[in-house]
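For Gly726, Pro727, Asn728, Ala729, Ser730, Gly731, Lys732, Ser733, the entry in Swiss-Prot reads ATP binding site. For 18-44, 57-67, the entry in Swiss-Prot reads compositional bias 'Polar residues'. Annotated region 'Disordered' per Swiss-Prot: 1-67, in sequence order.
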Amino acid sequence: MAASPNPLQGSLFEESKQSTTNGGKETNNSIGSSENLSNQQLKSDASLRPRIRKTSKNPNQINDLDQLSNAEIEEPKWSHHNLPKIDDLTPALKHYVQLKIENPDRVLLYRLGDFFECFFEDAITLSQLLEITLTSKEGGKKIGKVPMAGIPHHASDRYCTELIKKGLSIAICDQLEAAPSKGNKLIKRGITRLITPGTIIEEGMLSAKQNNWLASVLLESDSNSDFVNWSLAKLDVSTGEFLVQEGKETNNLRQELIKLKAAEVISESKSISNQNWYKGLIEITEFNQTSFSRLEAKTTIENHYFLNNIDGLGIHPESLSIRTIGGLIAYLNKTHPNIGNNLKNEVKTNICIDFPQIKHNQAGLIIDNQTRRNLEITSTQKNGQFQGSLLWAIDKTLTAMGGRCIRRWLEEPLTEIYSIQSRQKIIGLLVESSSLRKNIRKILRAMGDLERLSGRAGAQQAGARDLIAIAEGINRLPLIKKYLNDPIFEETKYFESIINLDRDLIELASKINNEIIDNPPLSLTEGGLIFDGVNPILDGLRNQLDDHNSWLKSQEIEERKNSNINNLKLQYHRSFGYFLAVSKAKSINVPDHWIRRQTLTNEERFVTPELKEREGKIFQLRARISQLEYDLFCKLRILVGNKSDIIRKAAKAISCLDVLSGLAELAATNNYIQPKIIDNKDSTKTRRLSIVDGRHPVVEQILVDKFFVPNDIELGSKTDLIILSGPNASGKSCYLRQVGLLQIMAQIGSWIPAKSANIGIADQLFTRVGAVDDLASGQSTFMVEMIETAFILNNATENSLVLLDEIGRGTSTFDGLSIAWSVSEFLAKKIKSRSIFATHYHELNQISEYIENVENYKVVVEYKNHSLSFLHKVEKGGANKSYGIEAARLAGVPPDVVNNARLILKNLEKNNSNTIQITKPIESCK
């Protein structure tokens with residue numbers, strides 16, 4: 001069918017219908033072809049035949065609504081606020097409008113056959129955002145055609161992902177039966193999902209190795225102090241992980257939310273109405289305030305987990321966290337309205353999520369967000385890429401759930417020595433036994449994402465292929481259990497769910513494999529899901545269908561014989577059903593009782609009354625078979641969903657095993673060693689940080705064809721502060737980051753790149769490496785630097801690790817030196833944290849002369865004949881030159897500039913008598 005012409009489009013090449021006369025006189029049109037006309041001739045022609053400018057609206061500036069036409073002020077014709085009368089619509093569109101009224105702020109995707117369709121304003125929105133064709137559909141006799149746009153149901157995840165990225169929420173109206181029930185003309189449909197950024201469970205819409213967090217946050221004033229109490233609950237709907245924490249300062253909440261990178265954050269309007277701390281940082285969705293009330297939240301929690309009371313959660317019933325948990329679950333229930341419903345609405349279950357776990361603020365190594373960026377733990381600082389980060393360097397996981405697990409470990413390193421040592425022991429066993437490691441990794445390589453697969457099953461959103469993947473994963477568990485027979489694996493709680501494998505899971509996997517065919521279709525409502533021999537009624541229906549198919553084959557032979565048309569074929573078309581096809585030449589010989597159905601260029605198609613009757617019976621059988629197969633599948637999916645919590649426990653064990661075997665592979669192939677973690681009970685050694693020949697875990701892998709120079713570090717026993725000096729580009733910043741990354745690796749239980757190491761557990765890790773303007777908040781580079789420094793000095797303890805680079809360089813020389821000097825003394829004498837201070841201020845080397853826990857180190861360089869060579873070796877002693885001019889030369893600064901800089905430097909050194917010399921400590925820092 002030809003497309004309708006665009007009414008806004010016209011031909012660019014139409015001949016002008018304008019008269020060629022001017023004032024009754026004929027104009028000269030014979031002056032030559034247009035390409036030969038001069039500019040003067042064209043101007044002359046324009047003056048003789050002036051063109052009148054056509055305008056569609058007043059070009060003047062609009063200052064008042066009265067200047068606008070009614071059409072511009074009113075809602076667009078197809079806006080959902082201006083929908084036509086429901087009674088005038090066709091039945092399908094009538095249902096669509098009813099659902100749209102219930103979901104006015106969401107794009108409504110309505111399943112019709114193989115497509116999800118949108119109508120009215122949503123169709124226009126869909127067409128514009130996804131750049132798909134906007135068409136129309138008959139809306140009723142009084143309505144006429146209405147806008148329509150659609151997406152294929154099998155590709156809906158991809159399109160929904162695009163809509164979510166563009167900030168929209170989606171309501172999914174799907175078919176609730178394979179064929180219309182008896183007495184109904186329309187297939188039953190209903191809202192099955194409300195998709196928002198934080199409630200996604202569909203595989204194609206999620207990042208495999210990253211959590212997708214939905215968070216709820218509440219704040220309230222503390223009547224006993226000036227602080228604001230806050231509670232943050234976070235849930236990954238796809239994996240079931242559920243954590244909650246509380247605090248007292250909004251800055252701490254801000255840090256947690258930056259680290260979390262939640263896909264969606266909800267709150268009640270009362271909590272955020274007068275708050276500014278989150279603006280410009282995150283978008284917060286306001287949710288029903290009553291859902292966050294203590295009474296309703298308590299009821300929501302009890303109903304969801306089938307509890308008589310909430311005391312068993314371990315959360316005080318009067319705490320703010322009860323409200324954040326209840327509000328979050330209420331939001332989840334709203335976005336998954338029909339969780340667990342099968343076609344006949346016989347079963348309803350709750351989506352499977354873990355019991356909320358209390359996360360204590362001091363439970364792990366505290367790393368602020370500036371430090372995370374500086375150390376490039378999960379993404380690079382410059383462009384936010386994965387490649388070049390610590391996670392990129394050490395992630396050798398083979399499964400999606402293992403990838404998420406190692407990311408969580410890096411984001412929250414441990415401070416409890418037993419847990420760290422448990423991980424170390426398992427890695428050690430897997431390093432020593434390469435065959436054990438390789439066998440385990442071979443099993444894991446093809447393991448599906450059991451965490452998210454079981455989550456979809458629990459939400460009754462899993463497809464047939466999802467259940468097959470679950471069964472394949474479960475079938476690998478006994479083999480993994482076989483390899484976990486060493487006592488070291490039994491000492492930790494990680495692998496309890498596999499060592500004590502639930503036999504019900506094995507039986508469930510067997511049931512899945514026995515009932516669902518090996519390669520099932522994506523569609524669940526078109527049959528072809530269930531093996532023969534599973535259900536006697538299904539087998540009987542299939543036998544009946546086979547009989548009809550046999551009749552079709554015999555009928556083709558019989559009609560060919562009776563008509564004497566040898567090339568006759570009995571065929572099927574999805575739109576036309578069954579028909580008899582003959583060539584054009586033979587069509588004159590067809591029997592009289594044949595009825596012409598369709599004419600093609602080289603073929604004629606016919607039907608017979610008997611064939612049409614048989615076709616109706618076949619279609620009815622197919623519909624019954626498809627419906628029964630879907631019902632059987634739903635029952636099986638419910639069984640899997642009921643076991644989703646057990647499957648998830650096994651999945652968490654698999655994810656830990658994947659991480660540990662990956663870290664063992666990393667250690668074995670990169671010559672890593674097991675660091676000795678110093679027990680906190682040994683107060684004389686607990687702060688020690690001693691690493692021999694340590695290497696940067698990321699840079700070492702990037703320097704494929706070059707040798708990485710290893711370096712030592714000794715802090716915490718006698719020395720608390722190292723003053724590190726050396727020229728630009730010599731490796732000071734790399735050394736600082738190396739120390740920080742090795743501390744993190746040690747506290748997640750990993751082995752590290754070094755010759756030997758004794759590492760005390762740090763409670764906090766701070767870095768200040770480089771700074772940039774914060775234009776959004778009007779802060780200069782120097783102010784940003786001072787704010788970061790103040791945060792460190794106000795929060796660090798003697799058990800912290802502090803790494804500072806170039807403090808004080810953003811102001812005048814003497815101001816900067818004074819600040820750097822004072823900060824160094826404060827760290828060494830007041831806080832006594834393990835600290836490294838990299839600087840170009842060589843005067844700071846004097847501090848070690850009167851503060852005994854300060855020591856000078858330098859990055860060694862070779863300088864001969866105005867040529868500078870970086871050796872990247874850190875040694876004891878202070879540097880006395882910065883070699884900044886030589887570094888500029890190496891960077892490609894023009895020779896004239898470099899030579900002139902040398903002359904200027906000589907004059908400055910000759911004339912500068914303001915040498916700084918301090919021989920006694922600053923009294924205020926004693």
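Note that Cβ sites are derived from N, Cα and C of the backbone, with glycine treated the same way.
Computed from a predicted structure; not experimentally measured.
Other than Gly726, Pro727, Asn728, Ala729, Ser730, Gly731, Lys732, Ser733, the residues of this chain whose Cβ falls within 8 Å of the Cβ centroid of the ATP site are, in sequence order, Val859, Phe870. In sequence order, Val859, Val861, Phe870, His872 are the residues of the chain that are 6 or more apart from Ser730 (ATP binding site) and have a CB within less than 8 Å of its CB. The Cβ of Ala729 (ATP binding site) has 19 other Cβ atoms within 10 Å, all protein chains considered.
Remark: Pro727 (ATP binding site) has Val859, Val861, Leu868, Phe870, Ala879, Lys881, Ser882, Tyr883, Gly884, Glu886, Ala887 as non-local neighbours, by Cβ distance under 8 Å and separation of at least 6 in sequence.
Look at the Cβ of each of the binding-site residues Gly726, Gly731 and count the other Cβ atoms within 10 Å; the largest number goes with Gly726. All protein chains considered, the CB of Lys732 (ATP binding site) has 26 other CB atoms within 10 Å.
According to DSSP, Gly731 (ATP binding site) is assigned to coil rather than to any helix or strand.
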